[in-house]
């Protein structure tokens, strides 16, 4: 009997060999070191982001396609790469090259760094001022650097701040009307103020002053003269152009304190200022003649006479003030207290 050699059947191993080749080729394609650097890009926060004064902002950057960035250098910078905001290198954070204004104000979030995604938090946003304090607003960027590619993304940071609620105060009578002042503080950038009457029509400001404080925030004061016939509501609004938000305050002026179109009323309002002085003069004159008459009758009643004089003077002053308030109340149609108990200007306004 003849023995024939048995040869192995290689036809059944061919599919296994083909699968192994395809798997190996796929790994090479996906391996970061073998990827074409032209295909890698960095995706940043966008063209522009907005942050509020005093709060924090987060810059997110990631590789596209997603690659392991744990062994790469990741650098956040200002307008150029030498101006370091934060630096990650050799699997650790380095602070020796960090700009002074960002020291102790940055925090790196790297939980997803193996997927090529990192976030940087910037704390306590600082506005721009005209002093020595550098501002946070401006151009930023992040750069990923490996052995075979360098890619970066840039964006602009804008800073804004809402100020305090406007406050309106009465400054007095001027140019035939009442002058009101509106003030507010803590705005960024420079705010815009506007006065309006009860019909919603704009009132031209008499004065407007905007100054920047040591923290880089803007404080505003503006005034307007409300003429007779304006009536009731007058509002002051202050707007932030970046946030497109505004704060507004409205007051209601009593009609009695708006000079009317009648000449006699304007003349009377002017006379009210000098009337107390006239009454005081008349009281002093009456007291003088009383003292002269008492001296002619002798000095035997010295102590009692002086007490009677003081009582008479007090009585005359109170009676004069009472007549003044009654006259003013009758003509203006409102309650006015004597000069010794005059109402502060802000009591003439009701919110």
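Note: Cβ is positioned from N, Cα and C throughout, glycine not excepted.
Here is what TrEMBL records for this protein:
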DOMAIN    32-143  domain 'Ig-like'
DOMAIN    166-250  domain 'Ig-like'
SIGNAL    1-37  signal peptide
TRANSMEM  267-290  transmembrane segment
| Model confidence over the domain 'Ig-like' (32-143) (mean pLDDT, whole number) | 91
| Using DSSP, how many residues of the domain 'Ig-like' (166-250) fall into helix, strand and coil, respectively? | 0 helix, 57 strand, 28 coil
